[in-house]
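*Asks:* Pulled from Swiss-Prot, these are the listed features:
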{"type": "BINDING", "residues": "91, 133, 137", "note": "Fe cation binding site"}
{"type": "ACT_SITE", "residues": "134", "note": "active site"}
């Protein structure tokens, strides 16, 4: 397994729409394993393949405190959503920035697991929010897209400044 490079906003590759996975095979399973390693190394709770410049419909999530409840979503589909909630979300592709994002309080999805077996899942609370956040990545949407243009511009400027400082270091 290896840690993959996470793309950072405003990189245009984050806006690409991910293609469905045609077959879950050893290559896809290796991508899933590398994504988990990357997510844990970056101290995240979710990661979409788009964020590591792999434009396939793959998501990994682990919202558990002990980091021992891995969830793999390949070709996820949203079946139902209900209620309203929102928390200050962060994103590995938008480092050190957080913002309140409106989300459904509960979701029901269908996806394939790491072995290509279909399953359905009902989720609420943090898991539902994380699923929605990561599914947004698969269609090129970021949490900053829910913000006002002014807030989005401020975040972009902060990240561009951080990138310049890091390039000099």
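Here the Cβ of each residue, glycine as well, is placed from N, Cα and C on the backbone.
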*Asks:* Using a 10 Å cut-off, grab the number of neighbouring Cβ atoms around the Cβ of residue 137 (Fe cation binding site), all chains included.
*Replies:* 25
*Asks:* Just how many other Cβ atoms lie inside 10 Å of the Cβ on residue 134 (active site)?
*Replies:* 25
*Asks:* Other than its own, how many Cβ atoms are within 10 Å of the Cβ belonging to residue 91 (Fe cation binding site)?
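*Replies:* 26, counting other Cβ atoms within 10 Å of residue 91 (Fe cation binding site).
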*Asks:* So around the Fe cation site, 91, 133, 137 aside, which residues have their CB within 8 A of the centroid of those CB atoms?
*Replies:* 46, 48, 51, 89, 92, 93, 134, 136, 142, 143
*Asks:* Measure the Cβ-based neighbour count of residue 133 (Fe cation binding site), defined as the other Cβ atoms within 10 Å of its Cβ.
*Replies:* 23
